[in-house]
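TrEMBL has this to say about the protein:
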- 1-33: region 'Disordered' (REGION)
- 15-25: compositional bias 'Low complexity' (COMPBIAS)
- 44-63: transmembrane segment (TRANSMEM)
- 83-105: transmembrane segment (TRANSMEM)
- 126-149: transmembrane segment (TRANSMEM)
- 161-180: transmembrane segment (TRANSMEM)
- 187-205: transmembrane segment (TRANSMEM)
- 211-233: transmembrane segment (TRANSMEM)
- 245-269: transmembrane segment (TRANSMEM)
- 306-326: transmembrane segment (TRANSMEM)
- 332-355: transmembrane segment (TRANSMEM)
- 379-402: region 'Disordered' (REGION)
- 392-402: compositional bias 'Basic residues' (COMPBIAS)
Amino acid sequence: MSPEIAGEERPREPLGPAEAQAPGGAEAGGRTSRRRWTCSRAQLHKTFWGVAVVLCVCASWAGSTQLAKLTFAKFDAPFTLTWFATNWNFLFFPLYYAGHVCKSTEKQSVKQRYRECCRFFGDNGLTLKVFFTKAAPFGVLWTLTNYLYLHAIKKINTTDVSVLFCCNKAFVFLLSWIVLRDRFMGVRIVAAILAIAGIVMMTYADGFHSHSVIGIALVVGSASMSALYKVLFKLLLGSAKFGEAALFLSILGVFNIIFITCIPILLYFTKVEYWSSFDDIPWGNLCGFSVLLLTFNIVLNFGIAVTYPTLMSLGIVLSVPVNAVVDHYTSQIVFNGVRVIAIIIIGLGFLLLLLPEEWDVWLIKLLTHLKVRKKEETVEGGADLGSGPQNRSRRARPSFAR
């Protein structure tokens, strides 16, 4: 729903287990030691946190989507809900500073930490010009991403919305390839083709009805805005550390409060998004949705500190079956063959996009390792047969040759 910011850059670590050599020396029966796969304590720790992060991302993403659907049954105002939830972005930097005070050995004042994080915007810090040129455009993209997503939930079921939004990763790759001149990868082109094919099949699943076509167009627009946000962020600002990302997201909240507040007011008085009384507003649903969305963005932006980015992305695609189960029991969704195939195709494309750039090198190394291991086992098996009882009895016979 909300586009995430790249976290602190870290050196890449292998996702697979590390190869270790068993102690040297001959074992019983004359066998040489075999190599085995082991995982370091740090990798196990990251994997454990990765599972926790995946569950948290999946729960907050699916929960916010379902809660938005429930909210619209009582409060039909997607833009107002977008504005209300985005205001909570202001809490990012205060929450980050609270964590800094608890964890850091060299504690800084709020003013010192703020000035240090402002260097992210340049030598002059956060000036009025920087605010309007480097922050305001992202505030608009953030609002559009969320609004289009929430508006789509009104039109189509949450399963279709969540799976179609997964196409944003394919759009990010295409834009990065065109704008940022990222490395060309054939497997990612295949993933992008699968995403486009999935969108077409999802449209066909409901028979090209105007209601569903509009809803699908809204989700694709939301995914496109999210992809544009990420690519422009990398192009204009680069990568941000945790404090810088928290400050940037808080600035987006401030931008929303100052400049976007007039739009919900205008929609209310023009009765585009109208409610008869403020007592009729389901404040519990609005606050619950905002908390879930804030949790999702916190975990997605700062989860890299404890686990692998690939594991965090899995939480998004895993929310699709969760939404499908909820829709099956709470709505009249029909999982026909076309819809199921479209979901599988888009999910497969999403997973292909998670492959690292060196996936082919890793695959070759893995196949080479398996081939060498199989050859060693074949040689050891032949040695075992050669050292059997029959062979030993033959060697024990005296030779009569003179």
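Including glycine, each Cβ sits where the backbone N, Cα and C put it.
By the Cβ criterion (under 8 Å, sequence separation of 6 or more), the transmembrane segment (161-180) is in contact with the transmembrane segment (306-326), since 3+ such pairs are found.
As a quick check, the transmembrane segment (126-149) and the transmembrane segment (44-63) miss the bar of 3 or more Cβ pairs under 8 A, pairs 6 or more apart, so the two do not touch. For the transmembrane segment (245-269), the neighbouring stretch richest in Cβ pairs under 8 Å, chosen from 83-105, 187-205, 211-233, is 83-105.
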